[in-house]
Amino acid sequence: MGVNSNRVEDFSSHRINTEPVMPGMEIHTVCLSPKKTTLQKLKQRLSEIFFPDDPLYRFKNQTWRKKLLLGLQFLFPIFQWAPEYRLKLLRSDIISGLTIASLAIPQGISYAKLANLPPIVGLYSSFVPPLIYAILGSSSHLGVGPVSIASLIMGSMLSETVSPRDEPILYLKLAFTATFFAGLFQASLGLLRLGFVIDFLSKATLVGFMSGAAVIVSLQQLKGLLGISHFTSKMQFIPVMSSVFKHRDEASGIIKCKEAFWSWQTIVMGFSFLVFMLTTRHISMKRAKLFWVSAAAPLTSVILSTLFVFCLRSKTHKISFIGHLPKGLNPPSANMLYFSGPDLELAIKTGIVTGILSLTEGISVGRTFAALKNYQVDGNKEMMAIGFMNMAGSCSSCFVTTGSFSRSAVNYNAGAQTAVSNIVMATAVLVTLLFLMPLFYYTPNVILGAIIISAVIGLIDYQAAYCLWKVDKLDFLACLCSFFGVLFISVPLGLGIAVGVSVFKILLHVTRPNSLIMGNIKGTQIYHSLSRYKEASRVPSFLILAIESPIYFANSTYLQERILRWIREEDEWIKANDGSPLKCIILDMTAVTAIDTSGIDLLCELRKMLEKRSLKARLSPNQSHLALVLTNPVGSVMEKLHQSKMLDSFGLNGIYLAVGEAVADISALWKSQPDFPEDCNETRQCKETMR
């Protein structure tokens, strides 16, 4: 052999030990990582987990005054952009703020009814939270307020146990308490930098969940669109459709019977305005410059329908309307928070579920529009901002709020420059609360249902579902489970099923990792998958395998069985194609990012199995010995292999920096042993054992 190949060296020694094995080929030393104490390793690992963005880097080498200013900017982003604010930006912010206010007022009333809350609570929720977000939030375009998904979840989960009609005060207390716990959970994730928790809600899960929820929400609005007075409070497909059609015989005599189940006046008004809003939405999607058409449609519908009912109130008695809404600012509700009693668990559970969903929507929407303007949104700051505004909102008669996609899209298209647009919107809502509430007295409930349908129908993303089917069948399965779970079981259980499928997918990848056989691309030192690259070919006497995952206790047994199967299949291929006897197994560990003690035991057991085969090879002419070689282990894997003393059993030719170097060096070793052409370190060990 031309080179001493014990290539495991400490970091402090020279890195490269080269001696030509063949023209243009060098054999490089495999180095260990710099030595660190256990405390240093733990500190680095925790830093990577909780502080991947190194949030304190701005404070390095700064004066104490500068650090104080940076601290204020870090905690309150308003101190970052407010000093640079110019009056020329105010015009754009006022226009965008008034535009989203025209959308926020009817949406707030509608989503409050979706959550089975008094309509006025929806307006309260569009006043206080946007002001708090303007101080704490890091997005310049996020439009804050109630959203359909969180409203739906809260309404469905609370109404399963407490009836909003029979126990309105208790229901209201639980809604405020759930909002408080939602905010507490969100702020805690931000403070403890645990935002990765929401990553378990994959895109596939959310696509199915939102589509199912949108269908359920739309079907629930049939109560208002059809003028049904008695309707199920359940949120499943079958009970909802049963409530719609169980009295169809009565519906056929609607004109003759005063107690008819459906109201034709309500149907005509509801579907007319629904078509109007869907049409304006379609126009704004086709032409981005006409975004204001879609934004103004809900408020226009409210104004026109209210005037219609007011002018013809003597002839439209079958069309129900909102009625009296109290004027004035948000009343305090801290005394209504429910911290003890039998329903506290329900409030906490509702708060956590709505908190996760609203947080996911708010952060994803904020990052979407930040990317369009090329600036960064700090996820942990967003969690704290959304959390604190919900905690404050629960004490000021608000329910769960977050960043709304529809409001944010309108805000962005209207030319918003900073979070001042949220302040302008809150001011417009304040004026409405103080002076304009009597104008909503005759607003028909059917319009609120039409607004909700037009808003949530965009959540049915069939194109995304089709893309999931084409790209990843397991993701599509998670999407379907989420969709049908929400549709036929319940909203929270449907979400739980989808998360379960996503976790199962993760476990499947961990416990059954991918492994492949590699070959050489002729004329190069590049080795790639034989099944992927047609120009790659087997290297005689070598079986080169790549493992594409960490090696843990969960997959070590599988990998052992799979590697032995690869060896058996390679032997069969050699016999069928009259190839060279198999002499060396090379494990490419480039993609093995981590290893535990079970993984180390796997390598030891595999080496022992190949040793036994080598012993048998001396007794049977039909078998050849097999050597096990590792290539390119990453630093942490290399360190564990070294600390476990496992590398000592591999001898001089057990580990290499690259597959090409391993093939070249071992081939040179075989050529240097004329008496034993198949000899390598493993064979010599077998000879000594047999003697």
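In case you wondered, yes, glycine gets a Cβ from its N, Cα and C as well.
The domain 'STAS' annotation in TrEMBL covers 532-666.
Through the fold, the transmembrane segment (94-112) approaches residues 118-123, 125-126, 143, 145-148, 151, 292, 295-296, 298-299, 301-302, 322, 399, 404, 406-407, 410-411, 414-416, 420-425, 427-429, 432, 440, 443, 447-449, 451-452, 455 of its own chain, all at least 6 residues removed from its boundaries and within a Cβ separation under 8 Å. Per TrEMBL, the feature transmembrane segment maps to 94-112 (among others).
According to TrEMBL, the feature transmembrane segment maps to 132-158 (among others).
Annotation source TrEMBL lists transmembrane segment at 170-194 (among others).
Per TrEMBL, transmembrane segment is recorded for 200-219 (among others). Packing against the transmembrane segment (200-219) from elsewhere in the chain are residues 114, 148-149, 152-153, 235-237, 240-241, 244, 356-357, 360, 452-453, 456-462, 464-465, 468, 472, 475-476, 478-487, 491, 494-495, 498-499, 501-503: each is 6 or more residues past its ends and has a CB under 8 Å from a CB in it.
Annotated transmembrane segment per TrEMBL: 261-278 (among others), in sequence order.
Per TrEMBL, the feature transmembrane segment maps to 290-312 (among others).
Same-chain residues lying 6+ beyond the ends of the transmembrane segment (423-441) with a Cβ under 8 Å from its Cβ atoms: 93-94, 96-98, 100-101, 104-105, 108-109, 119-120, 123-124, 126-128, 130-131, 134, 143, 302, 306, 321-330. If you look up TrEMBL, you'll see 423-441 (among others) marked as transmembrane segment.
Positions annotated as transmembrane segment by TrEMBL: 447-469 (among others).
TrEMBL lists 476-504 (among others) with the feature transmembrane segment.
In this chain, the transmembrane segment (132-158) lies in contact with the transmembrane segment (170-194); the count of Cβ pairs under 8 Å, excluding pairs fewer than 6 apart in sequence, is at least 3. Just going by CB pairs under 8 A, the stretch in 132-158, 261-278, 290-312, 476-504 that sits most against the transmembrane segment (447-469) is 261-278. Counting residue by residue with DSSP, the domain 'STAS' (532-666) contains 70 helix, 22 strand, 43 coil. Here the transmembrane segment (132-158) does not lie next to the transmembrane segment (290-312) in space: the count of CB pairs under 8 Å, restricted to residues six or more apart, is fewer than 3. Beyond its flanks by at least six residues, the transmembrane segment (290-312) meets 99-100, 102-103, 105-107, 269, 273, 276-277, 280-281, 283-284, 319, 321, 409-410, 413-414, 439-440, 442-444, 446-447, 450-451, 454 of its own chain at Cβ-Cβ distances under 8 Å.
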